[in-house]
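Here's the structure we're looking at; comments come further down.
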Amino acid sequence: MKLIVGLGNYGSQYEATRHNAGWIALDQLIEKYGFTQQKNEHNSIIFFSTVNNEKVLFVKPQTYMNNSGIAIQAIMHYYKIEIKDLVILHDEKDFPVGKNQFKMNGSAAGHNGIKSVIQYLGTQNFNRYRIGIGQPEQGWKIIDWVLSKFKPEELENIILASKSISNFVNDWTKGTTFQNIMNLYN
């Protein structure tokens, strides 16, 4: 079983914001692969799918960004998912919009959602897909920047970039290692 989690904040006021880039990318995967069932459990919306005979859970935590680790830990425990079978999709302010990258592990680098995941999983060794949202424009505070909405052309760029890597789920469920996913898609 594979677990793909998009980090974000719930509520209409957060739709299309930079901090919800993980949810935007996850929506593209759900659209491509579909789902057979949807549940609200473990402080999350879980979309159940099957790709190449492998069960895949697409998850949107409903804990707000800074507490995402609570939901992810609960899901991993309940469904007995190993850390190697987890990918977190999240915004990355150190990349310009349009630059995205798979990564196998590392620190939170100031990202409070990732900090929560590290805290609750007890490790920073998990797979990620970092989605560039750009640095704050001059005069912006970081918190205001990440909670600001994408410009229309930026949002389109995020959606196109997410669609372009969506085949990683197909490769991953066929047994391609995450190292090879990085080599193929980065």
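Each residue, glycine too, has its Cβ placed from N, Cα and C.
Residues Tyr14, Tyr64, Asn66 are recorded by Swiss-Prot as tRNA binders, and the candidate that the same record lists for that site, out of Asn105, Asn112, Asn125, is Asn112. Of all the recorded positions listed (Asn9, Asn66, Asn112), Asn9 sits in the most crowded Cβ setting, with the most other Cβ atoms within 10 Å. Counting in whole angstrom, His19 (active site, proton acceptor) lies 7 from Asn9 (site 'Discriminates between blocked and unblocked aminoacyl-tRNA') by their C-alpha atoms.
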